[in-house]
Structure formats: C-alpha cells, structure tokens
Amino acid sequence: MSAPALRAARVEPRRQVVRAGSAFTPLGRRRRRLFWPFLLPALVTYLGFFIAPAAASMWISFHRWDGVGEMSPRGLDNYRTLLGDSAFLGAFVNTMIILVLVGASTFAMSFALTMVLRDMRGRRFVRAVLFFPYIVAPVVLSVLWGFLFRSPEGLFSAAWNALTGSPGPNWLGEHLFAVILVGLIWVNTGFYTTIIMAGVDRIPPDLYEDCALAGATAWQRFRHVTLPLSWEVVATAAVLWTISSLKIFEFIYAFGGTTNDMPTLEVWNSALFVYGSTFGGRVPQYQFGYASASAVVTLAAMTVLVVLLRRLMRREAVQF
Amino acid sequence: MVRYGSRTRRLSAALLAGALTLSLTGCGSSGGRDENVVTYWSMWKENEPQAQVLHQTAAAFERDTGTKVDIQWQGRDVLKKIVPALRGGEVPDLVDQDQNLMRATLVSSGAYRDLTGLYNSPVSDGRKVSDVIAPRYADAVKNDGKPFLAPYEVIGYGLWFDASQLPEVAAKPPRTWREFVELLAHRKAAGRAPLALDADIGQYNNLWTTGLLQGALGAEQVNQLAADHSGEAWRRHPGVRPVLEEIATLVRDGYFVPGYNGSKWPAIQEKWAQGEADFLLMGSWAPSETGAKARPGFQYHFAPLPTPGDQRYVPVESIGFAIPARAQHAGNAERFIAYVLRDEHLGKIATVAKNLTPNPELPAPPELTSLAEAAEQLHVARSEDGIQADYPGYTEEVLWPVNNQFLKGQLDIEGFFQQLKEKQANYWKKKG
C-alpha cells in the first residue's frame with residue numbers, strides 16, 4: 001500500500017472570532033428566543049413517549065403487578081428471580097447470539113456484497129433487490145421461510161434431497177433457531193449493504209486507481225482503503241444494529257409461532273420473553289413487574305454494549 | 001423571525017386550549033349516558049359466523065326490549081384489551097371468551113360478576129338459564145361455587161376421521177387402547193399413515209399426552225402433577241411412565257404421518273383432510289377449519305380418544321359470556337345473555353356457526369353429532385386438564401417445550417422427566 005494513498009488526518013483549526021450566531025449578536029438573541037419553541041415539541045414527545053415509560057418500567061420492575069390490582073413492592077426480588085430463571089437466561093443468551101452472530105455475519109456479507117457491487121454494472125438495481133427483504137413485512141417473510149424449510153416437501157429440503165440424495169436435516173423441527181438466524185441475516189444484509197455502500201461510494205475513485213497502480217490485492221484494498229475510509233459509517237451501523245437486534249420480535253414470532261401460540265421456548269429472545277410474561281400465549285401471565293425487570297436488565301446490558309462498542313470503534317476521523 | 005416565534009406561541013396556546021376544551025366536553029358527554037344500552041366487546045370478528053348469529057340476536061333483542069346492544073368486534077385478544085380498562089378505565093358491560101382465558105383474566109383478578117342471579121333467571125317457556133346450560137358445562141365455569149361464565153358454545157376434543165373411508169370405525173369406534181393400537185397397526189400395514197399431527201403446535205402435541213394421562217390417572221390428576229413445586233411428581237407418579245411408553249411407541253413405530261415433526265401448521269391437518277392420514281386429534285373446530293381443503297365426500301366423524309387407562313373422557317371447554325364486576329349495565333347484560341340462550345337464537349350456533357351448544361336439547365350440526373353423543377355418554381374433563389387456566393404460562397414455559405420434543409421423538413422418557421422437573425421447579429420458583 002503506497003503511503004500517498006492515505007492522506008493525513010486533518011483536525012479543523014478552531015476559530016477564535018466571535019461567530020455571527022453567538023449569543024451577543026442580534027441574530028444570536030433571536031436564535032436564543034427560538035430555542036425553546038423549536039426544542040419543546042420534540043422534548044415533550046421524547047419525555048412523554050420514551051423517558052417516562054422507561055422510568056415507569058423501572059419503577060414497576062420493583063413490584064409485583066398483574067396490571068389490574070394494586071402493585072405490591074418486591075424490592076429486588078424480581079431481579080434475583082430473573083438471574084436464576086432458565087427461561088429468561090435462555091432468552092437472553094439467544095438475544096446475545098442474535099446480536100453477535102447475526103451481526104457479524106450481516107456485516108461480513110454486507111462488506112462482501114459492497115466489494116462485489118462496487119465494480120458491477122447495474123448495481124443500483126442489485127442494491128434495490130438486496131434491500132427488498134427489509135421492506136417486506138417480516139410476517140410475510142417468515143411464512144415464506146416456513147414453506148421453504150419444512151421437511152420433507154419444502155423447496156429447500158427438496159433441493160437438498162435432489163443434490164445429496166438424503167432427506168437432510170429436519171430444519172424446522174430440530175434446527176429452528178439456526179434457520180431463524182439465517183433468516184435474520186438474509187433480511188438485514190440488504191439494509192446494511194445499502195448503508196455501507198453509501199459510505200464506500202464517497203471514497204474517491206483515484207485512491208483505488210492508486211491501489212491498482214501499486215498492485216494491491218482485493219484484500220489490501222479493503223484493509224487499507226475501504227475499511228478506514230468508511231469506518232464512521234460502519235461504527236454507526238454497528239450501533240444501529242445493536243439497538244435494533246434487541247427489538248427483533250415479529251420475525252421470530254411469526255416464524256416459530258402460529259395465530260394463537262408463541263413460538264417454542266427454545267427460540268425466545270428477550271423481547272419475546274417480555275411478551276410471554278405479559279400478554280403472550282394462550283392464557284397470558286400478566287406479570288408486568290417481572291417482565292419490566294427483564295426489560296430493564298436487557299436494556300442495561302445493551303447500554304453497556306453500545307458504550308463499549310462506541311469506545312472500541314472510536315477512531316480519529318479520516319478526512320478525504 | 002421574532003414575529004413568527006410569538007405567533008407560534010399564540011398558536012400553541014390556542015391548540016392547547018382547544019385540546020383542553022375537547023377533553024372537557026368529552027368528559028361531559030360520558031356523564032349523561034343512555035340506560036337502555038349494553039356495551040359488548042366480542043371475541044369474534046365481524047365476518048365470522050358466530051358474529052353473524054350474535055349480531056342478528058342483538059338486533060332482535062333491541063326490537064323486543066328497546067335495549068341497544070353496542071357491539072365492538074374486538075377479536076380473540078378482547079381480554080387483553082380489557083386488562084388496562086379493569087384498572088380504572090371504562091369497562092364494557094359484556095365480554096366473551098373461552099373459560100380458560102376468562103379464568104386467567106377476570107376471575108384471577110377478582111373483576112368478574114357472580115352470575116348466580118343470571119343462572120336463576122328465566123330464559124323462555126318457564127325454563128331458567130341453569131336448565132338450558134347442561135350442568136357438566138356449568139360446573140366447570142365456577143369459582144368458589146360462583147359461576148363466572150354463561151357458555152353459549154362448547155368445544156370438544158377427540159379423534160376426527162373420515163367416516164366414508166373408515167365406515168367400520170364409525171360404526172364401532174375403538175373403545176380400549178389395545179383396540180385402538182391394533183387398528184393403527186392394521187392401517188399402517190395396509191400402507192396408510194394412521195395419525196396426523198401438526199407437531200409445531202404445543203397444544204396439539206399435548207392433546208395426546210394429557211389426553212392419555214387423563215384416562216390413565218383420572219381427571220384433574222395432570223393438573224395436580226403440574227402444581228407440584230419441585231417438578232418431581234411426574235416421575236414419582238407410577239401411572240405416568242407407562243402412558244409415556246405408549247406414546248413413545250407410537251412415535252418410534254412411525255404411526256404419525258411422515259413430515260409431521262418438520263412441518264408448519266396447517267400443512268399436516270390439510271394432508272389429513274386430503275385423505276393422506278386417518279386420525280386427527282383435535283378440537284371440534286376441525287371440520288370448519290379443514291372443510292375448505294377436505295377432499296370431496298369427506299364425512300367428518302368423531303370418536304373419543306381411547307386411553308391406556310380405565311376411564312375415557314371427552315375434554316371440553318366452553319366459550320361464553322362474562323360480565324365485569326364494574327359493568328355499568330350489568331342487568332341489561334344479563335337480560336341479553338338470557339335472550340341469547342333462547343332456543344331460537346342459541347340454535348343458530350349449531351345451524352349457522354356449525355358448533356356445539358351447551359344445551360343438549362338442541363340438535364348438533366351433522367359434523368358434530370358423534371361428538372355430542374360422546375359428550376352426553378362419557379364424563380367430560382377440562383381440556384389439557386385445566387392447566388392453562390390454572391397456571392398461566394405453564395404450558396408455554398414448562399410442559400409444551402418438553403412435550404414437543406418428546407412427541408417429535410427428540411427426547412426419551414428419562415429426558416422428559418428431567419427437563420420437566422427443571423422447568424417446572426423454575427416456573428414455581430418464579431411464581432413463589
């Protein structure tokens with residue numbers, strides 16, 4: 001990799017002059033007066049719809065509550081029980097598997113596709129096709145996947161049979177969670193490919209020409225140009241994924257469950273556990289205190305992960 | 001810009017004032033309510049046959065009594081929508097659902113109206129409500145001796161088959177487990193798949209396990225096993241293992257149709273309706289749910305599930321009306337229920353909605369006559385031995401996940417006991 005290909009990071013010098021918008025100018029005063037009217041609607045909405053329910057969940061998590069009668073305080077008992085509850089721990093582990101395994105695979109796939117698509121003709125069209133699974137309702141997709149993977153007559157099982165001559169694994173009966181993971185990778189790859197491609201598209205082509213002249217391999221191009229120059233985008237996408245992976249619900253629900261039933265316990269993630277402890281199932285449990293505690297634990301774990309991820313992925317921004 | 005700012009403030013003040021005024025008038029209008037009304041949140045959707053029957057009955061009720069039934073077709077999640085309202089919002093005067101859900105929602109929170117008065121009130125021709133609802137159904141919907149539900153439809157569970165293909169079975173259904181297993185072996189030897197099962201549905205798998213255990217141990221015994229906080233009771237009870245061995249034999253010997261354990265509902269029940277398997281263990285919705293896919297000439301017939309034990313039950317569950325304790329027009333709601341239970345209206349649950357009614361005097365639809373007879377002759381038990389109603393979440397978190405693996409042949413009996421013990425102890429520790 002030739003040195004000139006990378007330009008030194010440039011930190012913008014701070015301006016010392018009084019800016020036009022500073023508080024002391026007439027424009028600044030007017031801006032200040034408009035500060036609250038502009039901020040207030042968003043602030044009120046955010047407080048009312050995000051912070052208040054989160055705080056309420058926190059409060060409820062210290063109680064036993066069926067949603068109808070009075071709440072009775074339980075102190076930290078809900079949390080103590082959670083840590084020994086195999087149903088919750090299983091769901092939590094599944095959430096982590098989705099976060100790490102599906103996340104890593106999705107990003108690897110997205111980068112691979114980005115590399116392929118960069119030089120491809122008709123890539124806008126291909127990108128749109130890749131994005132397609134993301135906009136189709138997860139319920140529809142999971143029904144489709146159910147048809148693909150059922151054995152022995154599902155399309156996938158039939159293809160397996162035709163190729164290998166053996167009936168193959170019982171996908172839905174014995175490997176349901178694995179199939180769900182593959183499904184989630186497939187659904188999300190298009191979305192993250194689009195985001196990463198947007199970052200990669202901004203990289204000036206002359207850098208790649210430089211690479212070609214220097215005789216860099218595809219891996220070197222990726223390692224020394226693509227990745228560092230799209231790092232900001234990747235870091236943001238990673239945080240996006242972490243947060244959205246926590247909320248995955250309908251794909252698993254529709255794939256593993258039916259109109260009446262939750263999916264089987266082995267494929268629950270934290271979101272399904274919260275639903276199963278409150279409104280889910282044939283006869284709901286209505287354990288709002290306990291479910292809130294599980295949601296708080298998951299939220300706390302995710303917050304820690306996002307902070308760690310941000311720290312881990314923090315790099316000096318490369319200007320180009 | 002400044003002017004815009006003050007205008008924005010004025011605008012938002014006006015909006016706020018408007019919103020306040022609206023909410024105040026909203027409160028005002030709910031104060032003066034019409035007394036000749038019943039608010040009914042229904043578990044049905046408007047296009048379902050039961051909804052049509054109830055809608056027509058409501059219209060007739062209004063014509064006859066002047067009391068309007070204000071129906072909202074909420075669908076199956078109706079009780080989930082009521083829970084928040086029970087805490088302080090406006091509750092409907094009348095709701096309906098199956099007895100399990102009603103017990104877990106209105107009854108467990110003490111928010112139901114005792115319907116003893118309704119059961120003593122007249123329906124028509126000098127008969128009371130307690131005369132038209134058979135005691136075997138009415139007895140199952142009481143809490144501390146107080147009825148909480150007025151059933152208008154009954155679901156029964158058992159074996160369904162095509163009488164045109166198995167006329168000799170329809171004429172003389174197997175009564176003992178031995179007879180049943182011989183029949184299955186005979187059918188299998190003839191190249192048939194004897195049993196259909198959508199094994200991705202926990203309830204369907206458990207109809208086998210709990211159904212057979214009910215016969216071997218007696219009604220309400222599985223319920224007792226589930227109530228054991230240590231989870232050891234399953235292994236300790238001498239009657240459980242032999243039944244599990246019978247089920248394991250059915251699985252091992254391939255009596256279930258190929259693909260039953262790797263499919264997605266409703267694939268297998270549709271195969272059954274197409275004639276690719278002989279028997280389907282299911283509730284009395286089987287004929288209506290599979291009817292559209294059934295091969296021409298399919299004659300739905302019911303037989304109670306033979307069991308390895310001495311007793312045979314027909315597991316049943318009722319769907320019916322309940323009245324929240326805080327209902328504002330409970331009297332009107334009770335009058336409407338009594339009106340629905342009149343023969344001319346309740347009969348349509350059989351003739352139009354093609355379901356069984358809790359009144360044995362009314363004719364059952366042709367597809368369900370064999371079920372109606374069985375329910376009359378045999379004892380009834382609660383479906384899945386009432387564990388869904390009594391221990392919410394138990395089936396999803398404990399019994400089904402373990403039993404699913406067992407019915408799919410992925411778990412042996414020892415594994416069944418071990419996993420059940422762990423999951424059950426975990427469940428009760430949580431509930432403790």
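Just so it is clear, glycine is given a Cβ too, placed from its N, Cα and C backbone atoms.
Taken from TrEMBL, the feature domain 'ABC transmembrane type-1' covers A:92-309.
For A:38-62 (among others), the entry in TrEMBL reads transmembrane segment.
According to TrEMBL, the feature transmembrane segment maps to A:87-113 (among others).
If you look up TrEMBL, you'll see A:125-148 (among others) marked as transmembrane segment. Nonlocal intrachain contacts for the transmembrane segment (A:125-148), taken as residues 6+ away from its ends with a CB within less than 8 angstroms of a stretch CB, comprise 113, 117, 154-156, 172, 179, 183, 186-191, 193-194, 197, 250-251, 254-255.
The annotation transmembrane segment is assigned in TrEMBL to A:176-200 (among others).
Residues or ranges marked as transmembrane segment in TrEMBL: A:229-255 (among others).
Taken from TrEMBL, the feature transmembrane segment covers A:288-309 (among others).
Counting residues 6+ beyond its ends, the transmembrane segment (A:38-62) has Cβ neighbours under 8 Å at 71, 73-76, 78-79, 288-289, 292-293, 295-296, 299 in the same chain. With a threshold of 8 Å between CB atoms, the same-chain residues lying at least 6 positions outside the transmembrane segment (A:229-255) that come near it are 95, 98-99, 102-103, 106-107, 137-139, 141-143, 145-146, 176, 179-180, 183-184, 187-188, 192, 195-196, 198-200, 202-203, 207, 262-263, 267-272, 275, 298-299, 302, 305-306, 309-310, 313-315, 317-318, 320.
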